[in-house]
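A.B. asks: My structure is below; once you've seen it, I'll send some questions.
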Amino acid sequence: MINRPLVLTYLYLFIYILLSSGVILYNKWVLSPKYFNFPLPITLTMIHMGFSGAVAFFLVRVFKVVSPVKMTFEIYATCVIPISAFFASSLWFGNTAYLHISVAFIQMLKALMPVATFLMAVVCGTDKLRCDVFFNMLLVSVGVVVSSYGEIHFNVVGTVYQVTGIFAEALRLVLTQVLLQKKGLTLNPITSLYYIAPCSFVFLFVPWYLLEKPNMQVTQIQFNFWIFFSNALCALALNFSIFLVIGRTGAVTIRVAGVLKDWILIALSTVIFPESTITGLNIIGYAIALCGVLMYNYIKVKDVRASQLSSESIPERMDWKLEKRSSDIFTPNSNNGNGGSGSSDMNVDEEAPLLASRLSHSGRMQVGSHNK
């Protein structure tokens, strides 16, 4: 007898890994001067944001698939705008890195994501400095340094762009927790796109006008509608696949899938892009960083399980509410049916704006049902 829910879960995980890897490889192919030769990362990101925002608008306003949330000017100005600004920055810097360094090395650098998120959370006061977590972060950092030292085609500019994008994304995740959750605002994936994508598009317009528009006027840039349409469609599909995965799995499964996706990406990139050479030192460094990430994930999951056990021991008549950090965990079923909030510390896909929705729930009681 086939376990249909289990089959569906693995199917959604497969689709997520496929789309996530595909979007990253597709972006590299489009941007790289050696292939499609469209070296305009801000323009490409604006296409993604414009397309996603337009689809979300039709789903919310025309087809009325979901209803918009109660959005006041104060919430928009103090929450959506700063979150969108850092999200736009993370996409801009992350996509620009494709012009300078290989996909394999980018994935290795992304092991720094938990480090960046933890540091930003400590700075913003949403997490506490702990010795066990600190040593894990130190191990991750050492692994990334070793991997960078072993990179044959090391490029300082590309590395700075990627690391800056990682820290911008980390700050966005922490701001989402601090700002949106304090307002009690709940965004599902569609409404997240509806509010954040247009705002991110506007923020990207300024650097685009200053940096890329002049180049577009003096150089011959090829524009193929079907290439960009399919690329934006893949990015949008990735967002929805993440939503499906979040709705059916837990934190451990998502984290393992993310690690598996990174290894697949590293292997595929060396086949599709022959210039992406991996050295033994690359692998050793990434393996060290991965050990730190896995231990960090284990600590986070263990913390959540301990919190859940303690919450179950509280008598129901007390009617207490156990508040959890958004960096903890998410469960398959949400009380409000919106499908998902998730962990701010997990590796995030840079082409997945819907990941913001995973952090927008209030994280009450059953850690509301987590990017990239």
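Just so it is clear, glycine is given a Cβ too, placed from its N, Cα and C backbone atoms.
Predicted automatically and left uncurated, TrEMBL annotations should be read as such.
According to TrEMBL, the record shows the following:
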- 7-26: transmembrane segment (TRANSMEM)
- 11-297: domain 'Sugar phosphate transporter' (DOMAIN)
- 38-63: transmembrane segment (TRANSMEM)
- 75-93: transmembrane segment (TRANSMEM)
- 99-121: transmembrane segment (TRANSMEM)
- 133-154: transmembrane segment (TRANSMEM)
- 160-180: transmembrane segment (TRANSMEM)
- 192-211: transmembrane segment (TRANSMEM)
- 223-245: transmembrane segment (TRANSMEM)
- 252-273: transmembrane segment (TRANSMEM)
- 279-299: transmembrane segment (TRANSMEM)
- 327-348: region 'Disordered' (REGION)
A.B. asks: For the transmembrane segment (252-273), could you work out the same-chain residues 6 or more beyond its ends whose Cβ comes under 8 Å from its Cβ atoms?
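C.D. replies: Here the qualifying positions are 9, 13, 16-17, 20-21, 24-25, 28-29, 32, 102-104, 107-108, 110, 245-246, 286, 290, 293-294, 297, 301, 342-343, 346-347, 370.
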A.B. asks: Same chain only, please: residues at least 6 beyond the ends of the transmembrane segment (133-154) with a C-beta under 8 Å from a C-beta of the stretch. Say none if there are none.
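C.D. replies: Result: 101-102, 105, 108-109, 111-112, 114-115, 118-119, 275, 277, 279-282, 284-293, 295-296, 299.
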A.B. asks: Under 8 Å for C-beta pairs, could you tell me which stretch among 7-26, 38-63, 99-121 has the largest tally with the transmembrane segment (160-180)?
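C.D. replies: Per the Cβ count, the answer is 99-121.
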A.B. asks: Based on Cβ pairs under 8 Å, which of the stretches 38-63, 75-93, 99-121, 223-245 lies most in contact with the transmembrane segment (7-26)?
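C.D. replies: Going through each listed stretch, the top one turns out to be 223-245.
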A.B. asks: Kindly state the mean pLDDT of the domain 'Sugar phosphate transporter' (11-297) in the predicted structure.
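C.D. replies: The answer is 90, the mean pLDDT of the model over that range.
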A.B. asks: Do any residues of this chain, six or more beyond the ends of the transmembrane segment (99-121), have a C-beta under 8 angstroms from a C-beta of it, and if so which?
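C.D. replies: Residues 24-25, 28, 31-33, 39, 41, 127, 133, 136-137, 140-141, 143-144, 147-148, 151, 153-155, 157-159, 161-163, 166-167, 169-171, 173-174, 177, 262, 265-266, 269-270, 273, 275-278, 282, 285-286, 289-290, 292-293, 296, 327, 344-348.
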